[in-house]
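Enquirer: Under the heading active site, tele-phosphohistidine intermediate, Swiss-Prot lists 538. Summarising the annotation, Swiss-Prot assigns active site, proton donor to 916 and lists similarity to another entry as the type of evidence. Annotation comment: Swiss-Prot describes 644, 701, 830, 851, 852, 853, 854 as substrate binding site, evidence class similarity to another entry. Feature annotation from Swiss-Prot assigns Mg(2+) binding site to 830, 854. Residues or ranges marked as phosphothreonine in Swiss-Prot: 536. The annotation transit peptide is assigned in Swiss-Prot to 1-79 on the grounds of similarity to another entry.
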């Protein structure tokens, strides 16, 4: 009786359930082929017809170009029976699947899935992320029993391959790769060709040719030395460049077998010179050290920085994938490539990738050589190319997403080495989502989940205002690796890019090629330019994931890091010179070119309409001018949730002088005279905003900041001189007034409703301007929905006082102008006490709007102006997980919001509740606001689409 056992989500099959090789003459392609390192490998046809638990059949037919076909039935949920740390895959069977990413990492889970659906995947084993976690907890040593489990998995691979690690007569070489649950391109380590030593390379040379064998050996020595032993790659690269110069060749592929054999000896000497120890020749020791190195790379500075930048938390560690090697460097019938099943930059439904003849995969991914377009493969390896195209279709249909695929062709045989969901730009993400809905692959709710909020952020980035205007300034053209436009000053190191960014400067990071260590500078830079590397190089993949403009593989440039100069022909560009990049065309442009805001595409409008159909939360905008209001409306805002009246005061010298006269006034009469000068300015601005928001609510906050913010900046003598000119007062009078205005802690002082209560004429002027503008616009056919918001309320009595002033002025204006209209009066909840007594305040207010910026400030006791002195220390030490001014503190500030909402609605069931801090555009905060039942969020105009999508993703 055959048995099947479920273990932690895998289907483990008994030996007699495995597919057996059919006898007889074999025919080409579409078959699952046994990996073989010989020059003339035998093709094997596998036919598996036995019914398995949950799998009806997996068929692989030989002959013609018929692709593998898999017919899968759903498997019932597995029952955990034991803790397993090593999972094997290959030959049409796997101990894992695509849903086990948290345990096997993305790479391991997808290798298992590809093998199980019948694609040609070299057999291997995956060490789980939980094993990595145990390794870290065990003092960075392999936990007890794990090495034996790895060797057991290795025996499976050796049996599948009829080859052995360290056996010169039947050599088995391995790749050792990382793979976390969330893709982190280039951040962790890889070792290829593991298992080579002097004896094994001689055996491999006898079977596969000396040049191939010694090329593989020198690559292994370089990679193992760098990744495992910590020897700088540059030490090996120097030897390679010296050898090429000595032999008078330009390419690695032009070196002979004898040259490479000599290079191997030089590489072995590098170990002794750099580390004082010899290269380890025992293959099993090599494997143990490589596994340790991959586990160690999880905690490397570059990996930690990447996770910090991308806010990746909660992962156990990286998995380790050990796989038998297939070789793309066995001559002109071999090669390696990376592709995306659709264009990751534009979303176009067309294979997008690169291919290198006679090369290994790291040459493409690391950007060491600039590869050819994928189309070259169709010409030189047509059968393998056709199989690859068919595999891409299978994977897209299976995963229902755009896939990123690594593959190798060994002597015209295609092998699939990796697949994962492809990283894409904002433009690409939206088009792929819309196209896949139109193709019937996914539904609109799935599409909403496929586009990340940061993708929309990228789409809102500027482009060049007039590309035709800079054509005469184009000095070089590289590969358009990541779209968009970037303008900045040239820097030549990641550290300088971070430093310049911290100083508020826009930097263009220029490198010969980027490495994972550059990740901090890449994130800080406005754009990235590299001399080497293709569209799938490290720089390109990381930049696209961030929506960062990148031009790669620009062969016309020469980078001198030591001299900090960039040479293009006879032109020299120094550090600090201005450069512009067009990541959509690959153009490198001299000088500082003008940027223009982006426009919504038809695909984006379609996509956002799907998001709007499902979201519950309304999305408003914080807008202070008519132009801001128009931008907000064009971005889909459903009204203005915060219009800050004080920003209007800085629009001209006349306005600010009138404000200063009001501040310096001694008597109410003087103050009223100054306010009368301000009223027409305010009224005009409100008219423009009401016109822009025709038919949508506009929430106007009365004056909030402390008065000292409107005084001139500079030393006291300068301030007094300027105020004397502006107000006509004597210097003594001004000194006296400044002394009275000075405060120890202005943000907790004389501001907000305290100003309106102390100077009612200030509230009266602003309210009169609001209602005069509203009636005037109404008379012109504009539908006006005004809402007046009283700031910094901490007691119901404060709000009651201001409401009395507001309603009195409204009645007077309506009587004067012969028209009445509906309006609302509410308050900001930004003082913790207001949240605690929300039921009392709700009896006075028609709406609450949480000012989360000040509410966070007062709840934590952090001054926003001073928090930078310690915030980075708190974040780096884990005292805080996020900047609370960017990501809402849900346990503290969030609970005040939840409590105030519940109390307020209990006292006033018709109470409208929203939030108008910048947290309104932050996705995790938006999810919280939806969960506690707020009616709307309000954020900056450019973040409105992000908030719309975040509100929809909460629902789906």
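Cβ atoms are placed via backbone N, Cα and C, with glycine included.
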Enquirer: Cβ within 8 angstroms of the Cβ centroid of 644, 701, 830, 851, 852, 853, 854: which residues besides those meet this for the substrate site?
Expert: 642, 704, 791, 828, 849, 850, 855, 916, 917
Enquirer: Might you list, by sequence position, any residue in that chain lying six or more from residue 854 (substrate binding site) with a Cβ less than 8 Å away from its Cβ?
Expert: 747, 792, 828, 830, 831, 917
Enquirer: Can you give the largest Cα to Cα distance in Å, as a whole number, for the residues 644, 701, 830, 851, 852, 853, 854 that bind substrate in the record?
Expert: 15
Enquirer: Which has the fewest other CB atoms in a 10 Å radius around its CB: 538, 644, 701, the listed recorded positions?
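Expert: Checked 538, 644, 701; of these recorded positions, fewest Cβ neighbours within 10 Å: 644.
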Enquirer: Cβ-Cβ under 8 Å from residue 853 (substrate binding site), same chain, 6 or more residues apart: which ones?
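Expert: Spatial neighbours, sequence-distant, of residue 853 (substrate binding site): 830, 864, 885, 917, 918, 919.
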Enquirer: What's the CA to CA span in angstrom from residue 852 (substrate binding site) over to the residue listed as 'active site, proton donor'?
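Expert: If we compare the Cα positions of residue 852 (substrate binding site) and the residue listed as 'active site, proton donor', the gap is 7 Å.
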Enquirer: To the nearest Å, how far is the Cα of residue 701 (substrate binding site) from the Cα of residue 916 (active site, proton donor)?
Expert: 11
Enquirer: How many Å lie between the Cα of residue 851 (substrate binding site) and the Cα of residue 916 (active site, proton donor)?
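Expert: Given the Cα positions, residue 851 (substrate binding site) is 6 Å from residue 916 (active site, proton donor).
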Enquirer: Tell me the coarse DSSP state (helix, strand, coil) of residue 644 (substrate binding site).
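Expert: Its secondary structure by DSSP: strand.
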Enquirer: Roughly how many Å separate the Cα of residue 538 (active site, tele-phosphohistidine intermediate) from that of residue 916 (active site, proton donor), to the nearest whole number?
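Expert: Between the Cα atoms of residue 538 (active site, tele-phosphohistidine intermediate) and residue 916 (active site, proton donor), the distance comes to 39 Å.
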Enquirer: Which of the three DSSP states, helix, strand or coil, fits residue 854 (substrate binding site)?
Expert: helix
Enquirer: What's the CA-CA gap between residue 916 (active site, proton donor) and residue 644 (substrate binding site) in angstrom, rounded?
Expert: 11
